[in-house]
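What follows is a set of notes on a single structure, which appears directly below.
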Amino acid sequence: MKEIRGKKLKLLLKEEDIKRRVKELAKEIESSYSWEEPIVVVGLLKGAFIFLADLVRAFDRFVFVEFMQVSSYGKGMKSSGTIKIVKDLDMDIEGKEVLLVDDILDTGLTMKEIHDYLLMKKPKVLKTCVFLDKKERRKVDFNADFVGFEVPDKFLVGYGLDWGEYGRNLPEVYMVED
């Protein structure tokens, strides 16, 4: 059994199930945009980068890729609730069709705040996609337009999600056991 930082890991999502769902999501997303020009896919670093890389490679069309980095976790296992933009967009998204991508939606605070921030930049369309959704942790009324998997309220690692930088590179998603 795998362990991180002295805690056992229990498999939640297998690599093949993740790959299948990412391809399905790409098709769903593709059908929801006009594609008059490539959409701008904005990934939230660091957690979303693996999901985002697989997602954009599953599209049958060209996309522009942008990154933002926000901080709300620190080194713990719970969100601090304070959101800080560490890296902003390099590209102007005014009048563009945009997809905001993150690894996990739990309280909704980060996604809602970044979504509202991006709306101020006047995109033509702004939709959201998350790899994982912990609906039972929601503190604000915010739901993603596209969701990979709904997951239980457990601390998760793998496929981009980490615990103090550990576990991000795992190809599956695991629950950290108490």
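Glycine is treated like the rest: Cβ placed from N, Cα and C.
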According to Swiss-Prot, LYS46, GLY47 bind diphosphate; which one of ARG138, ARG168 is annotated to that same site?
ARG168
If Swiss-Prot says PHE155, LEU156, ASP162 bind GMP, which of LYS134, LYS135, LYS139 does it name for the same site?
LYS134
Could you measure between LYS134 (GMP binding site) and ASP106 (active site, proton acceptor) for me? Cα positions, answer in whole angstrom.
5
Quick check for the class: what is the C-alpha distance, in angstrom and rounded, between ASP103 (Mg(2+) binding site) and GLY47 (diphosphate binding site)?
5
Cα proximity to LYS46 (diphosphate binding site), best match among recorded positions ASP106, LEU156, ASP162
ASP162
Please identify, from the recorded positions ASP103, ASP106, ASP162, the residue with the sparsest Cβ neighbourhood, meaning fewest other Cβ atoms within 10 angstroms.
ASP162
